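**Q** So TrEMBL lists these for the protein:
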| type | residues | note |
| --- | --- | --- |
| ACT_SITE | Thr150 | active site, nucleophile |
| BINDING | Arg178, Val179, Gly180, Asp181, Thr201, Gly202, Asp203, Gly204 | substrate binding site |
Amino acid sequence: MAAVGTWSFSRPAVERMRCMLLAGQNATDVVETAIAEVEDDVDTGRHIVGRGGYPNSKGVVECDAAIMEGVPGRFGAVAALRGIAQPCRVARKVMEKSPHSLLVGDGAEAFAQELGFTSEPNANMLSDHSATAYREYLEKNKLVRGGHDTIGLIALDLSGNITVGVSTSGAPFKAPGRVGDSPLPGCGLYADHKVGAAAATGDGDKIMCYCPSFHVVQLMRQGSSPNEACQAVLADIQRRIGGDKCFELGLISLNMKFLSA
Ligand code: SD4
C-alpha cells in the first residue's frame, strides 16, 4: 500500500490515508475521505480547496474536483460547482451514479442536491481569510494573495486498487465559469491499475494543454520510475514552450510497485 499528496499541507491527509489503508480500507474511500476533510476545513494555509477557497471575480466560490480509479472508465468529475463544501464527494457520485463523467455549474449542483447534498449559501463557503482576500482584490484590482493549495491524493490499497482524486477552487478571482485542469482526465489526474497514477497542480489554464498526468502514466507504462516520469514530462513541456517561458506545474505520481510493501 502507499499514499502520496500534493504540497506539504497535504501531509496530515497522507498520514490519514496511510492509517486507513493499513486498516484495509478501499483506495477510493480513502482518497474521498481524506480530500473531503481538507475541503471542509477552513483553517491554516488551505485557500484553494473547497470551503474557504478563494472565490471568483464576482465573489462566488466555484470548485472543480475529480476522482479516477485505475479500472478503465471509472472517472467522475464536477466543475464550476457552487455551494457544495465537499465537491470531491459529488465527483465520486458522478462516477458511480451518473451515466456521464463530468457535470458543471448549475447542472452539477442540481445533481448533488438530488443525491442529498446540501447547497449552502455562498457566505458559508467563504472563510474570513478568503473574504478578506477578495475585498483586497476588489480594492487593488489585482491578486494580492496567491499560492497554490490544490489537493491531489493518490492511494494504493492492500488489494491493489489505485485511486487518484483532486479538488480545487481553482485560480483565485478567476472568471465565473472558468474550469482548470483538475477535473479533466489526463490533465489534472490519471490512473491505470496496471501502471500507476498521477496528479497535477499549478496553472491549470496552461496545464490542460499538455495532458501531463496521462503522459506521466504512459512513461511509467514504458518503464520509467514515478520520479523519472515526472521529471521527463516537466522537461518535455519546458522544451515545447521554449527556454525562457514557463508556468507553474507540480506533478505527483505513484506506481504499482508498492503493492506488496
Ligand atoms: C487550477 N490547477 O484550477 C488548479 C490550481 C492549482 O494549486 O493547482 N492550484 O488551475
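For all residues, glycine too, the Cβ spot is worked out from N, Cα and C.
Caution: TrEMBL annotation is automatic and unverified by curators.
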**Q** Counting all other Cβ atoms within 10 Å across every protein chain shown, which of the recorded positions Thr150, Thr201 scores highest?
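**A** That would be Thr150, with the most Cβ atoms nearby.
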**Q** Once the DSSP letters are reduced so that anything not helix or strand counts as coil, what is Gly204 (substrate binding site)?
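**A** Assignment for Gly204 (substrate binding site) reads helix.
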**Q** Those binding-site residues, Arg178, Val179, Gly180: which ones have a Cβ sitting under 6 Å from ligand 1?
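**A** Cβ under 6 Å from ligand 1: Gly180.
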**Q** Would you count the other CB atoms within 10 A of the CB of Arg178 (substrate binding site), including those on all shown protein chains?
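**A** Its Cβ shell of radius 10 Å holds 17 other Cβ atoms.
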**Q** What does the structure give for the C-alpha distance between Arg178 (substrate binding site) and Thr150 (active site, nucleophile)? Integer Å is fine.
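**A** Their Cα atoms are separated by 15 Å.
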**Q** Over all shown protein chains, what is the count of other CB atoms within 10 A of the CB belonging to Asp181 (substrate binding site)?
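**A** Around the Cβ of Asp181 (substrate binding site), 31 other Cβ atoms lie within 10 Å.
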**Q** Least buried of the binding-site residues Gly180, Gly202, Gly204, going by other Cβ atoms within 10 Å?
**A** Gly202
